[in-house]
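Engineer: Per TrEMBL, active site is recorded for E267. The annotation domain 'Aldehyde dehydrogenase' is assigned in TrEMBL to 30-490.
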Amino acid sequence: MAQVELLAAVQAFLARPHGSFIEGKAIAASRTLPVYNPANGETIATAGDSDADTVDQAVRSAHTALRDGRWSGLRPADRERILLAFTALVEAHAEELAQIETINQGKSINLSRALDTGATTEFMRYMAGWATKLHGESLDLSIAMPPGTRYTGYTRREPVGVVAGIVPWNFPLMIAAWKVMPALAAGCSVVIKPSPETPLSALRLAELALEAGVPPGVFNVVTGAGATGQALVSHPLIAKVSFTGSTQTGKLVGHAAVEHMARFTLELGGKNPMMVFGDADIGKAVQGVMLGGLLNQGQVCAAASRIYVHKSRHDEFVNALSAAVSTLTLGPGLDPGAQVNPVVSRRQQQAIEGYIESARQEGAKLAAGGKPVEAPGFFVQPTILSGVSQDMKVAREEIFGPVLSVLTFDTDEEAVQLANDSHYGLGASLWTSDISRAMNLIPRIEAGTVWVNTHVLLDPSMPFGGYKQSGIGREFGRHAVEGCTEIKSVCIAH
Ligand code: NDP
């Protein structure tokens with residue numbers, strides 16, 4: 001199929017020099033990093049590698065905006081109206097943003113349209129509504145002195161302060177919106193640091209926010225590598241850090257935040273089990289893993305990665321999955337007909353290939369894929385491994401690529417035990433036609449989200465986050481907005 005032709009607006013955007021976005025203005029960078037097209041490895045733009053001074057400027061701009069009330073002091077209805085206008089503007093620019101996302105991240109343009117812009121604008125609209133729905137509670141107090149005095153208390157939810165959002169490279173626009181929208185709905189100012197691999201869409205998002213009426217200084221972006229992120233989360237004027245990325249880096253971020261008592265939400269990795277029981281509809285389970293395991297080339301924190309299949313259905317499942325995977329066509333994300341697209345970077349491609357090689361060496365069988373792709377971009381064949389055992393590296397570590405390990409179980413008890421045998425606990429799915437089995441097993445699964453006969457799909461109202469080392473706190477729903485507030489108790493004697 002012919003590749004989508006880039007809009008003139010996208011071409012012009014790529015050609016601009018990109019620095020940071022502070023106080024409503026693009027700030028030129030003294031040091032830059034190249035930005036690549038994963039489909040061919042060519043440089044498509046440059047972005048700033050911001051130093052600590054630039055980070056300080058961005059945080060101070062956000063802090064001044066918070067203190068002078070240009071956003072935090074607006075009536076909630078005014079904040080909601082502006083956030084809805086912002087959402088409408090993102091929707092009006094959806095094709096432009098989808099193209100930027102695909103050429104920078106590598107994913108299919110179909111996915112960029114459906115999720116990265118489509119689902120993102122639904123999330124934005126949902127979160128805009130929270131601006132007018134946050135509330136505290138009134139308390140009838142029992143304080144006993146001095147005699148005869150009565151007390152009434154109430155709580156207020158106030159903006160927590162300046163929120164730092166560290167955004168990874170798998171869903172750069174969508175996850176930036178996950179950080180920005182709850183914070184803005186709660187009246188906070190934000191500084192976003194996108195991944196150095198995918199800095200472009202967050203910069204465009206901040207421009208659109210300004211155009212929609214979000215005041216300058218309320219939504220800032222600093223681009224750069226790990227040192228930029230480190231300077232941001234360590235800044236004493238940051239009141240809350242919202243981080244999505246690996247568990248290893250998440251721990252460093254949590255430590256840095258605690259140093260100055262910033263609140264933090266960590267949405268980290270996963271090694272998500274999918275359990276296919278003997279009574280499951282195998283056709284649906286195969287379709288489920290094609291979506292839940294291979295979406296965005298498996299570069300999804302909640303992606304199904306350990307597939308436990310009841311012994312009685314193992315061969316049928318592996319044959320059907322391998323056949324389905326073998327029909328997929330490979331090509332650049334800008335080709336709407338290509339179903340397998342590049343992963344984000346050469347580094348990620350090599351890391352995934354290393355996992356496939358480790359599985360081979362540890363004795364797993366390649367049921368499908370697993371061969372190097374002879375193409376200039378960062379492609380990895382979707383790979384199905386059978387004969388995997390629980391102690392193999394591919395069954396224990398987050399791969400973040402299109403590699404699925406199939407294992408077997410005998411009893412429900414064993415399935416639960418294997419699924420929970422991981423230090424991760426982000427998502428899990430049960431595939432069964434027996435609702436009683438599902439209802440009895442759900443409470444026993446150590447994961448922040450349990451899906452039944454589906455996997456990976458999220459909704460703005462459904463809390464999202466991890467058990468165990470998959471993170472701390474929840475994004476989405478009321479938890480996301482309340483997580484950007486501080487509770488103040490008020491006590492009135494009368
Ligand atoms: P990291 O978790 O290392 O990095 C995520 C972001 O944090 C990047 O922008 C990174 O910048 C920044 N960063 C790094 N160090 C610090 C620090 N000390 N303080 C603040 N920010 C920092 O992820 P990677 O991109 O290196 O990917 C590695 C693995 O992480 C993947 O293979 C995957 O397993 C997992 N991952 C999980 C994601 C999820 O959604 N849960 C998303 C992305 C990755 P820089 O890149 O310059 O280091």
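Keep in mind that glycine also has a Cβ here, set from the backbone N, Cα and C atoms.
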Engineer: Within the domain 'Aldehyde dehydrogenase' (30-490) only, compute the mean pLDDT.
Structural biologist: 98
Engineer: Taking the Cβ of E267 (active site) as reference, which residues of that chain separated by at least 6 in sequence fall under 8 Å from it?
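Structural biologist: Result: S242, F243, T244, C301, F464, G465, G466, S470, G471, G473, E475.
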Engineer: According to DSSP, which kind of secondary structure is E267 (active site) found in, if we only use helix, strand and coil?
Structural biologist: strand
